[in-house]
Amino acid sequence: MNKPSIYGLTLEQMTEWLSHQGHKPFRAKQVWDWLYRKRVTTFAEMTNVNKDCLELLDQSFAIDSMTQAVKQESADGTIKFLFKLYDGSLIETVLMRHKYGLSVCVTTQVGCNIGCSFCASGLIKKSRDLSAGEIVEQIMNVQHHLDAVGKEERVSHVVVMGIGEPFDNFDNMVDFLNVIKDHNGLAIGARHITVSTSGLADKIYKFADLKLQVNLAISLHAPNNELRTQIMKINRAIPLEKLMPAIDYYVKTTNRKITIEYILLRGVNDQKAQAIELAKLFEDKRHLTYVNLIPYNPVDEHGQYQRSTSEDISTFYDTLKKNGLNCGVRLEHGTDIDAACGQLRSKQIKKDTVAAK
């Protein structure tokens, strides 16, 4: 029987669970210290926790529910990990180096059902949600790697932009956020965390009401319904008429800036007229809007799309700026490895399938 990951419990939940099992509440703080400060990888290493408590934890929880299957390192310091879960499923996690610190991109689902026509993540459909513990454990595995190579570095930023739709796994995603933000543990600042959604409007309202101080990014990729439906099938169910009011509510409720993710596809959504249309869509909240322009990473299975030319990227950027919309072009990481989200996982599954025949 599979045991849940110990990393899925918030400090409050762990305190409550241990108390119900007859242990003193302070044991939870001790365990958390071992997990997140000393970062041990076995329960046996928790030397100031009594034997009965350790045996109970070991019987009830896993501290290593996933194993590293593949690791790719880029010349720029980016590392892409492929982890194998207890059920054999594969997920991706990426470590990126920035001037401001180390950022980890985590996965929230095994596969994805959103079906964006340019994305490698949706090549294999969703089979299940990840638990909160499995999401946290991705960060811990990256941190353990950093500890092992002796760099004395810590993960300082987190982006929830890996495989899957985070808002389709809402409760586990929120538990994950509460674990990594806790000052008793990883203590990753809320403003150093960004969650991305393809636009599940009802969950955007819910997320706004939580007022977590976490950054929100919307994967928009088109300034009108016709084009967005063409490249993102979710727009059929949640068109801009439903999405934009949710974005308005988020901005007004939180008074926080929102990031608009916009992947540039040559001849599809990268022309000046579309930049003007995008600027108009956000003109009433442009002071709280930032557009992240993303050069396309080609995916073999999506050969219909090509990367925009540098001239078209510059024109799009300049047009947004001239129309009062703050924007930037995303700095690329890991271009010499399987950089596109879901690409490494898809290749490994194909490789395993061929080997099994």
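Note that Cβ sites are derived from N, Cα and C of the backbone, with glycine treated the same way.
For E92, the entry in Swiss-Prot reads active site, proton acceptor, with the evidence type sequence analysis. Taken residue by residue with DSSP, E92 (active site, proton acceptor) is part of a strand.
Taken from Swiss-Prot, the feature domain 'Radical SAM core' applies to 98-336.
Within 10 Å of the C-beta of C105 (disulfide bond) we count 24 further C-beta atoms, all protein chains included. Swiss-Prot lists C105-C341 with the feature disulfide bond, giving sequence analysis as the kind of evidence.
Of all Cβ atoms in the protein chains displayed, 25 besides its own lie within 10 Å of the Cβ of C119 ([4Fe-4S] cluster binding site). Summarising the annotation, Swiss-Prot assigns [4Fe-4S] cluster binding site to C112, C116, C119 and lists sequence analysis as the type of evidence.
Look at Swiss-Prot and you will find G164, E165, S196, S219, L220, H221, N297 tagged as S-adenosyl-L-methionine binding site, backed by sequence analysis. DSSP assigns S196 (S-adenosyl-L-methionine binding site) to a strand segment in the three-state reduction. Spatially close to S196 (S-adenosyl-L-methionine binding site) yet at least six residues away along the chain are V159, V160, M161, P166, L216, A217, I218, S219, E261, judged by Cβ distances under 8 angstroms.
For C341, the entry in Swiss-Prot reads active site, S-methylcysteine intermediate, with the evidence type sequence analysis.
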Alpha-carbon spacing, C112 ([4Fe-4S] cluster binding site) to L220 (S-adenosyl-L-methionine binding site), which is rounded to whole Å: 17
C119 ([4Fe-4S] cluster binding site): nearby recorded positions from C105, E165, H221, N297, Cα cut-off 10 Å: N297
Rounded mean pLDDT for the residues that make up the domain 'Radical SAM core' (98-336): 95
Largest inter-residue Cα distance among G164, E165, S196, S219, L220, H221, N297 [record-listed S-adenosyl-L-methionine binders, Å]: 19
Distance from H221 (S-adenosyl-L-methionine binding site) back to E92 (active site, proton acceptor), taken between C-alpha atoms, in Å: 23
Residue from C116, E165, L220, H221, N297 whose C-alpha is spatially nearest that of C105 (disulfide bond), among the binding-site residues: E165
Cβ-Cβ neighbours of N297 (S-adenosyl-L-methionine binding site) (radius 10 Å): 18
